[in-house]
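Now, the feature entries from TrEMBL:
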{"type": "TRANSMEM", "residues": "135-154", "note": "transmembrane segment"}
{"type": "DOMAIN", "residues": "185-305", "note": "domain 'Heparan-alpha-glucosaminide N-acetyltransferase catalytic'"}
{"type": "TRANSMEM", "residues": "192-213", "note": "transmembrane segment"}
{"type": "TRANSMEM", "residues": "219-239", "note": "transmembrane segment"}
{"type": "TRANSMEM", "residues": "260-278", "note": "transmembrane segment"}
{"type": "TRANSMEM", "residues": "290-307", "note": "transmembrane segment"}
{"type": "TRANSMEM", "residues": "327-347", "note": "transmembrane segment"}
{"type": "TRANSMEM", "residues": "412-434", "note": "transmembrane segment"}
{"type": "TRANSMEM", "residues": "446-465", "note": "transmembrane segment"}
{"type": "TRANSMEM", "residues": "477-500", "note": "transmembrane segment"}
{"type": "TRANSMEM", "residues": "547-567", "note": "transmembrane segment"}
Amino acid sequence: MSLFVEYTEPKWRHLDMRALSVDEFYLYLRSEFSSQTYLYSLSDECYTCPYTKVKALPAADVAAGVAEPLRLSSAFSLNFKIFEHDQGHYAYDNVSSLCWLRRSDLQEFGVYNLTLQANGTCAFAVDKPGVPINYAFIAVFVLVAALLITLKLVSCAWRCYRYDEATAAADSIGEAATKATQRKRLRSLDTFRGLSIVLMIFVNSGGGGYAWIEHAAWNGLHLADVVFPSFLWIMGVCIPLSVKSQLSRGSSKARICLRILWRSIKLFVIGLCLNSMSGPNLEQLRFMGVLQRFGVAYLVVGVLHTLCCRREPISPQRSWQRAVHDVCLFSGELAVLLALVATYLGLTFGLRVPGCPRGYLGPGGKHDYNAHPHCIGGAAGYADLQVLGNAHIYQHPTAKYVYDSTAFDPEGVFGCILSVVQALLGAFAGVTLLVHPNWQSRMRRWMLLAILLGLIGGALCGFSREGGAIPVNKNLWSLSFVCVTVSLALVILSLLYYIIDVRETWSWSGYPFTECGMNAIVMYVGHSVLHKMLPWHWRIGEMNTHFMLLLEATWNTLVWVGIALYLDAQEFYYSV
């Protein structure tokens, strides 16, 4: 079991191993060179960055005791360069170094030696091997599986003990009523929404401290970057279903638009209140956020679709008309979608940002070898700064700690343009669901659109993390990011739709995450407000291993899943 929990000796030689955090190791430095030298490092996480000075190494003939080791991160591969002369805070490739070393095998809780030899070459040695970090997933999976199996056995035993003929009759009636209700509701949508909110709670709880789970520093797509756009897209899918239902009940379009406006205002206000949890200082209150962006996208897409949809849809007569019927019904929204994309591209690549190159999409700071330190986000960052002001945008973006960048709001005003596009693409999937009568044609349409958007997104980013004209970037909510995440969402919905609504494969044991999807707003607001409270969160000791952080995040997520199951059992459902 010690392997699973990333065990390391509390003391190794004179070092306190428990003082290290997750993904940290000790590095001893020693110089046999005749003069003072300077160590610089660069993480692979920081793209096109200069090397950053770590410390000076004294000359070999300078009497000194055992130097304290450095504490460095092992989350990404590290590059080291040692220069004979001080290069300042940053060192660039146009200056020759004494030696260069790249290590991709550094592990958590390891102890390593880096020696500059007398001839100017670098030697690297392992004093103490680190520990593997991915076995924590196995340990947590075993613990959670054991817990769920135990709960299932206790539940079955209790039901058998309490079971009688009256209960059997009630169960059969309830089961029949449940099946009748399920036929009217697309269970796969609730399941997808529930899966998204569960993942959102998990990643907001830290995700075990794994780099590939947390948000990407700038370009790229990690697990945390997929959750928010999927949730936004699902909201778009539900809009045509909701509008059609209200129209069929005789509601006027004006009344529907007022309901959409009221719900959008509530979403925005709740998000604003969540931003004030650290203190209601209006002079520094962040105006935008996750729920605020939901509110903006829901308002635009909901009102637009309500105004464009027909109360009595026209049935196509010919086969080719039926093939494009959903596109024709969506023509008004499609025109707005294309206009928004054109607006985004025009502003992104045409807006003049003082002191920045036109069309810049980088994180500023030391990106691009410190060429544009105050240009984070290019047009998006500049527009948000002008509209919101520096005091009212997010002050701690990930790029600030990786690229030494300034403040930037990943849920700012400028990004709302393509967030609306994301929701509109979801609305088109909802229209397809209403128009096409059988599951084969629905899935065929969804998969074709997924392939098309995936190819467009891949072409825009050059099928790479940092390449292409428009890289995949959640911070900027870039066009390639929209295409790739919508493509992924279409594939996931198609799979869930086929498994749950078509094949009814899980009908014998219920639909996982469905109950969470039916109370998503309760779970999101609840976990945000109660983030640091028992029993949702706890701390034992240093909490400096992936195992402990993963266990805590999983526990918090399971508690909220249990709350969702309880609310469903009480038939309590809340939506704004």
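Cβ coordinates are placed from backbone N, Cα and C, and glycine is handled just like the others.
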Can you break down the domain 'Heparan-alpha-glucosaminide N-acetyltransferase catalytic' (185-305) into helix, strand and coil residue counts using DSSP?
89 helix, 0 strand, 32 coil
At a threshold of under 8 Å on Cβ distances, which of 135-154, 192-213, 260-278, 327-347, 477-500 pairs most often with the transmembrane segment (219-239)?
192-213
Other than its close neighbours in sequence, what residues sit by the transmembrane segment (290-307), given a CB gap under 8 Å and a spacing of at least six beyond its ends?
228, 231-232, 235-236, 239-240, 243, 253, 256-257, 260-261, 263-268, 270-272, 274, 332-333, 336, 411, 415-416, 419-420, 422-424, 427, 524
Is the transmembrane segment (192-213) in contact with the transmembrane segment (547-567), using at least 3 Cβ pairs under 8 Å (sequence separation of 6 or more) as the test?
yes
Residues sitting near the transmembrane segment (477-500): Cβ under 8 Å, six or more positions beyond its termini, same chain?
186-189, 191-192, 221, 225-226, 229-230, 233-234, 237, 341, 344-345, 361, 410, 415, 418-419, 421-422, 425-426, 429, 439, 442-443, 446-447, 449-451, 453-454, 456-458, 460-461, 468, 470-471, 506, 511
Across the domain 'Heparan-alpha-glucosaminide N-acetyltransferase catalytic' (185-305), what does the pLDDT come to on average, as a whole number?
93
